[in-house]
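The GTP binding site annotation in Swiss-Prot covers 20-27, 88-92, 142-145, and the record cites sequence analysis as its basis. The domain 'tr-type G' annotation in Swiss-Prot covers 11-280.
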Amino acid sequence: MTLSPYLKEVAKRRTFAIISHPDAGKTTITEKVLLFGQAIQTAGTVKGRGSNQHAKSDWMEMEKQRGISITTSVMQFPYHDCLVNLLDTPGHEDFSEDTYRTLTAVDCCLMVIDAAKGVEDRTRKLMEVTRLRDTPILTFMNKLDRDIRDPMELLDEVENELKIGCAPITWPIGCGKLFKGVYHLYKDETYLYQSGKGHTIQEVRIVKGLNNPDLDAAVGEDLAQQLRDELELVKGASNEFDKELFLAGEITPVFFGTALGNFGVDHMLNGLVEWAPAPMPRQTDTRTVEASEDKFTGFVFKIQANMDPKHRDRVAFMRVVSGKYEKGMKLRQVRTAKDVVISDALTFMAGDRSHVEEAYPGDILGLHNHGTIQIGDTFTQGEMMKFTGIPNFAPELFRRIRLKDPLKQKQLLKGLVQLSEEGAVQVFRPISNNDLIVGAVGVLQFDVVVARLKSEYNVEAVYESVNVATARWVECADAKKFEEFKRKNESQLALDGGDNLAYIATSMVNLRLAQERYPDVQFHQTREH
C-alpha cells in the first residue's frame, strides 16, 4: 500500500523535547542538533556571556542577560528523511510551568544527564511529568570529555531512581583527557573522538569489529582490553533494546558522548528518527483523535508574550494533532464557539519567525493572540470537543504583590490576569481581603512578572513575603457540605485567574488537617485548563 502524500508528511514528523537538570548541557545539545539538521551554520557556544554570539535558542532580554533559556522556543529542522520539531524547555535553576506543559505537547523526550553527576533533582521532577502519559524517553549521557562516574553505576542509578530500564546503544572508551570515543553495540563499530572540533560536524574515523587490531592501535591496548571486559559485563547485566518497550516508556536507549565536543549527538539523533513515534493519537473529552484524520485539530499548550519587542503581541503555541493546516483556514475555537480565520500562523526557528503556508500533525504553529486565546484551548474544523491532559500545576512558591502607586490597582489586576492566562504565573485573590497573591513553580517567574508588568502595563509592583506554603484547587459533589467548608475556611480560600476556587494552605500540616477534616472535599494538585 502506498501512503497518500498527507500520510507521508505525518509519518516523517518527530516531535520531542529535552529534559535535564540545569547545566547538564541542554542548550549545547540543542545547538548541535540544529547543526546536524543544517538549521544553523556554526554553533554559537553558549558560554561566552560577554560575546555577542548568543546561543540561537535563548532570546527575551532577561535570557540574554542571564545566559539561560527562559522561554520555550520551537525549532524545526530536517534530519535524514524526517522533519524534527524540537521544543526547547527552560532548564536553568529556575524554570516554570511552561516546562511541564511543553512535555504534554511532545511524543518523545530526550533526557540529558551530566555523566559526572548522574540523576539530579530537576530530572526527577520532569520524568514524573512524562510519566503522566508514558512518553518514550531516549537518554544522552553528556560531558564525556570530563571525568565521569562509572558508566555502569550511572545506568543503575537511572534504573533505580527513575524506574525505567536502560538499554545501552553505545559505550564509552575512557573519559576526560583519555576519552577516545564510543563503541556501538548494535553495529559492532567504534567511533573515534578528536577533541577541539566542537563547532563543526567531524569526519569520524570508524573501526569495524571489537577484536580488530586497529582498535588497539587507535585507543591503546589497555583501553581496548578494558572496553572488551566492560562489554562482557554490560551484555550480561543490561537490557537489550526493544522498540515496543521503548514506545511504552518502559526502557530507554542510552547514548554516550559530549555535546560540547559535538560527539555522539548524531548517534542519538539516528536513534530518535528511527525509533521515536510519528505523531500520536490524543484524547479529547468525547473521543480519541488519530493523526491520520483529515479534519484539522490542535490545542494550545503555551502562550508567550513579546517574542518581538517591537510589537506588544502575544503568540499562542498550538500543537497540530490531526489534519493539515493551510493558510487562511477557518477554525473553530471550541471554548468560545467562535469561528476564526487563521491567515498568519508562524513557524519558528527561535526568534526568527516565518509565516507558514501549511503544517501537519506534530508541527507547532504560532497564532497571534490579543488576549482571546488561553492555554488548553482546542481548535477544530467545527467539531465541539476539548483535548484533555494540559494541566495547571499547583504552585510551590508564593509572594504577595503590592503597588508602588495604589491608583493603578485596575491595571495591576488586568496585567496579572492576562499573565496568568498565558501561564507566566498564577494569581490568587483571597476572598476575605484585597491582597493579590502570586504563585509560581520557579523563582524566576516572579522577576519575569515584575519586569513585564512594568514594560507592558506600565505598573510598578513589589513583592512581600506571604505565609503560604501551597495551594490546592477544591471541589465537592455535595453542595451543602461545600457551603459549610467555604463558610468555615473563608480566610483560606481564594479565586485564581480563571475564577476557580482554591484552598491556600499556610503549611503542609495545615493542608493535611483540612483534607482529614473534610473528606468529601477534593483537593487537586493539578487543574485541567
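In case you wondered, yes, glycine gets a Cβ from its N, Cα and C as well.
Across the domain 'tr-type G' (11-280), mean pLDDT in this model comes to 83. In the three-state DSSP assignment, the secondary structure recorded for K26 (GTP binding site) is helix.
Neighbour count (other Cβ atoms within 10 Å of the Cβ, all protein chains): 28 for K26 (GTP binding site).
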